[in-house]
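Colleague: First, the structure itself, so that you have it in front of you.
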Amino acid sequence: MSASNDGNSSPRSQFASHCFEDLLDSIIVDVASECHRIARLGLDRNLEEEEEELRLSVQARVADPSSSSEVNSKNVVDVFGQTHPAIAAEILKCMNCRQRVVAGRFAPHLEKCMGKGRKARKVTRSTVARSSHPHGSPVSVYAPYSNATSTNTAPNGTSGHAGEEYADYPYGET
Amino acid sequence: MSSFSAPSTGRRRNLYAPPPCPHLADYRSNAHGLAKPFRSLQPCLRVRPLGRPEIRREPQEIPRCSPCSAADGGGCGMGPRLYACLACAAVCCPAHAPSHAEECRPGHEIAVDVDRAELFCCACGDQVYDREFDKAVVLAQIAAAAANASASCSLPESLRKRRRVDYRPWTPDPREWATMRRESSPLLLPDASDPYSAGAANTSTSSPSSPPWGLRGLNNLGNTCFMNSVLQALLHTPPLRNYFLSDRHNRFVCQQKRRRKKDGSGGSMGGDRRNPSGGLPVCLACDLDAIYSGVFSGDRTPYSPAKFLYRWWQYASKLASYEQQDAHEFFISMLDGIHENVEQDQHKPQSQGNGDCCIAHRVFSGVLRSDVTCTICGFTSTTYDPCLDISLDLDSNQNYTNVPTTKSHACNGENDLILSSQICGVSTLMGCLERFTRPERLDSDQKFFCQHCKVRQESLKQMSIRKLPLVTGFHIKRFAHSSIKKMSRKVDRYLQFPFSLDMAPYLSSSILRSRFGNRIFAFDGDDSDAAIDLASEFELFAVITHSGTIEAGHYVTYLRLSNQWYKCDDAWITHVSENIVRDSQAYMLFYVQKTLYYEASEDVSAS
């Protein structure tokens, strides 16, 4: 690297430039030495494969990505030749209450049925006291399905009603 | 010790040393009458804090180039490089080194860079490498680190390597054949002449003659695309799929066991979230087994995973609500559920690192290593933690302008895509992994208590992967939640991801080696078995994408089956081109190890 030729050629500034150049050279040699070792020992990644993947990716993005198959996939015939309604029409039997439910609306039904989620409405007097959760998070309220005077249990437990499978008390969750 | 042959196609071997130049070979064979080459250097190897080795005869010696000093009569004679001749310890700068070798030859060609502890052949004018020399350097570095009493968590028992064995193929014996014929019914094979298998209408690429087994849509039960997308990926995770299709978790047998267990304990066992009173304990693996049966039955009408949703809500009640949910959260919850159920039933050890506890961990569990190094004294504290997947930050670097890819392609040409992607700001999965394993300087408010210095010091933290799982899942952190602002935002930034991925550079062995200057040495955790290289190669098989906003978004899974890509959008399965997948906005990526190895089982009765 050539000496800097700013007008200032005092010994001090020259010495400073010299020091800087030495430091810079030293850093460059550090990197060169490390890279040389990595290359010679075959430690560098398989660069050709990496480049190839990047090239394919660039190619993919340049090619029109918004082909109709991407956008309107719900209006087409699927790979088996079937079409489906927007809301799944299969009729399912709820495991909790034995009612028949349309598949596309099964989750909201189940949520109410199991007494989960913020939309659960079945709160009885016996559970209100327990619902003041110390953490204040929007915890789903345990709502016994039938009897308003169902027994309270310890936070980790569930009250018993033979034959009905209750959701677990949320406090038991880690 | 003779060096190995050159690595094929650039694949690295852990202890590879390139063939020595004739001068180095001469030096080694002559060794100037000494028993070990480089012996004279040993006491001069000094290690600075943080491991940088140098050659100094005396600790405070300042080497100078003698010819330079003599000529300048007081010139400093120090340059960026100084070489000490191995034969006579004369120190020269690069300008004078060749003449020294020439004048004093033979025997004075090999020198050592005093500041970097690298061998240099003055005759060839090139840096050269030697295993013995590197070993000496590394041992000096280790000794220096030990002097600082580095604490490292001893490697968990579970990670000590087990003996590898050859794959033993199984064929049924006549009795087993008879049982199979008797107890099973053939699945209807897809008919090649079936008009339904002619392929999806709107794709430009041709689809295979008949869709592969196990491809089946999943009905959306009401905002359950988060569940469907993860289920599709898991249903086609090769080791998991094989496990369930091999009947390794038979839901009928398991149900009987659970019933017997419940009856045996005298009625309901309250207080267990898996066991609502009055019913059998929940087993998510059984419910997953049911889905496998359904999806691989040959029936192509969409499957409704209603029972699974019900069971999962019983298990993970906090997440149970009819709302948009996070697919990644569901993924972790599901794996935890499988683990808990199986682990409690079979009283297997909790340790997740080696995946002996349950199939979920056997497939997905890896081990991460975290090193925290004191920047003052070099003391390093190492911890190991199991992980089910790797969560990566997307660089949200505002400095990057999102330059359209056509521009980057044109201005930099084809040969420099890696560099141009870094300049033009395209995020890549490998870039994220590099950042994940990069040494990170911890903030001054996170000062680490150095056991050697006995005070809190600024430190460096570096992550690496100690053990790769069979299936590596990546979770791209696109949802930024701010607890302060009580809002979340989504990062829509495109992420490039490869179809084939080599995880070797991110392994602890590689990271450790680079910390010691990439010396030729068998580090702890290294496997000198050449097969280790293949064990780090992975292939992409599933991509879960998210489109839209946090409040109103949609998950879709792309599956790779027989090298064809299928888009699984709830009930709609379509065949798509590779380009569409590469262009998609990845949220979760699943890679499976290309080559599987078999370990000798510790359990004699295991098949």
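Glycine is no exception: its Cβ is also placed from the backbone N, Cα and C atoms.
Note that the structure is a prediction, hence the values are computed from the model and not measured.
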Colleague: Given the ranges B:32-57, B:188-213, B:344-369, which one is assigned the annotation region 'Disordered' in TrEMBL?
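Modeller: Region 'Disordered', as annotated by TrEMBL, spans B:188-213.
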Colleague: On the 0 to 100 scale, where does the mean pLDDT of the domain 'UBP-type' (B:19-153) fall?
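Modeller: Result for the domain 'UBP-type' (B:19-153): average pLDDT 78.
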Colleague: Looking only at the domain 'UBP-type' (B:19-153), what are its DSSP counts of helix, strand and coil residues?
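Modeller: Going through the domain 'UBP-type' (B:19-153) residue by residue, I get 52 helix, 24 strand, 59 coil.
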